[in-house]
Ligand SMILES: Nc1nc2c(c(=O)[nH]1)N[C@H]1C(S)=C(S)[C@@H](COP(=O)(O)O)O[C@H]1N2
Ligand SMILES: [Mo]
């Protein structure tokens with residue numbers, strides 16, 4: 001069945017060349033035109049919550065790589081099948097490729113424009129052509145083998161193959177030897193077989209060259225990391241006070257007060273990180289406003305910038321999880337920008353849009369109540385890293401990222417909650433997302449083995465824009481004990497805490513809870529992250545010897 005294998009390979013390399021050609025064309029006209037990117041993005045947009053949660057908790061930040069691998073496997077299966085059923089006289093495999101091509105073209109067109117489907121359509125056309133050519137060669141080789149077999153059995157059919165070419169001369173069995181029929185057949189079909197292998201090699205090579213070349217070229221053409229490195233950030237007019245030494249206790253195993261950019265969690269739906277040049281970027285503020293305004297990167301340079309410490313948190317962060325980080329953000333006050341546009345009195349929502357179509361719905365009241373909500377351009381003294389929204393994003397103290405922290409932001413649409421629904425709200429998450437009071441135990445580690453005696457229990461606590469008043473620790477089911485808090489640098493950031501524990505031998509469970517500055521104690525009730533953030537006390541079990 002070597003034949004079937006060749007057909008399967010023919011299908012795979014043909015689909016490969018289809019995708020490769022589409023990638024190459026997309027490199028010139030935009031990464032979102034590449035069919036795999038568009039299909040992946042569409043899959044992400046339609047993934048049910050349960051699956052999304054499971055993917056994030058199982059694969060973490062590799063969830064997108066896993067999606068690509070899954071799509072690749074499906075593509076290989078379908079393409080292999082298409083190759084297996086294609087014949088010169090019956091283009092069933094081509095039909096399969098065409099159907100997938102049409103679906104992919106529709107998906108790309110829906111995300112971009114009708115013309116955006118062209119790379120996909122051209123790619124699929126090339127792929128189908130490749131499959132036709134390869135299948136014709138395989139059929140010819142098949143016929144030649146068949147004929148050689150017939151001839152070795154002493155029956156001459158007398159006609160050539162279906163293409164009308166004369167039948168190949170069968171190699172005569174060597175004199176004096178008993179002919180091995182199978183071997184003779186293979187020898188007979190040799191030129192045809194060589195043609196098949198050559199064809200597979202050429203098409204496969206073309207698939208790799210166009211695919212890899214397209215990816216590299218696309219990355220090179222659109223990559224903004226070079227221009228980012230050359231960006232000069234504005235000087236903040238009112239720099240954030242230096243971080244008080246007492247805000248960062250520097251306890252071994254405890255999360256540092258400031259999160260380095262490389263260590264900052266990343267959550268977004270972008271399969272391909274948007275590459276937005278600051279020179280093409282602008283922010284349009286429109287909708288229910290007196291004056292629509294549009295700000296370019298150059299316009300920002302004339303405005304006063306501020307620097308603020310804000311702890312960002314993801315609504316998908318489970319109790320004890322690490323989808324939270326604290327950074328020094330440099331940017332422009334949103335209340336000032338909004339005031340210039342003049343929101344109408346009936347407006348109550350700012351729907352922020354990113355270049356990749358993602359949206360967040362933020363209460364207008366939150367953005368104008370005096371808190372340090374920013375259009376941020378800098379993170380910890382650097383331009384925003386590309387994955388964190390270069391050239392500009394929103395940062396709003398006190399709200400989960402899904403309702404506020406739009407990266408690659410280009411539009412603030414002033415609207416109403418009863419008119420507009422943001423990305424995650426459409427998918428079952430709450431329209432409002434104030435951050436819930438949270439606590440995490442960083443040390444000792446879960447299931448850790450520690451020695452008896454004095455042990456430092458430490459972690460972080462947060463209640464952004466309300467502030468943390470107290471953290472308490474409970475050993476097993478004992479009384480709640482007050483932990484020592486680090487200095488409060490800002491009510492918009494998390495606060496470290498430490499508790500000295502005299503550990504006694506045996507297994508122990510440690511729990512922690514916080515009280516925010518309004519006096520509300522963090523609830524023990526365990527709730528899942530959907531629809532508006534997890535609740536419950538974090539706990540860590542250790543073995544003391
Ligand atoms: N464009 C865009 N912005 C986005 C998102 C997204 O999917 N797309 N995700 C949001 C969510 S859910 C969170 S928690 C924060 C995370 O920001 P970070 O990746 O910089 O930590 O970004 C927000 N901004
Ligand atoms: Mo999030």
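All positions are counted from 1 along the displayed chain.
Quick reminder: no glycine exception, Cβ is built from N, Cα and C everywhere.
Listed in TrEMBL for this protein:
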type	residues	note
DOMAIN	272-420	domain 'Oxidoreductase molybdopterin-binding'
REGION	152-190	region 'Disordered'
TRANSMEM	7-29	transmembrane segment
TRANSMEM	65-85	transmembrane segment
TRANSMEM	92-110	transmembrane segment
TRANSMEM	116-134	transmembrane segment
TRANSMEM	196-218	transmembrane segment
Distant-in-sequence neighbours of the transmembrane segment (196-218), which means Cβ under 8 A and at least six residues beyond its ends:
6, 9-10, 13-14, 16-17, 19-28, 31, 34, 130, 133-134, 137-138, 141
Pull the DSSP breakdown for the domain 'Oxidoreductase molybdopterin-binding' (272-420) and write it out as helix, strand, coil residue counts.
23 helix, 61 strand, 65 coil
Confidence summary for the domain 'Oxidoreductase molybdopterin-binding' (272-420), mean pLDDT rounded:
97
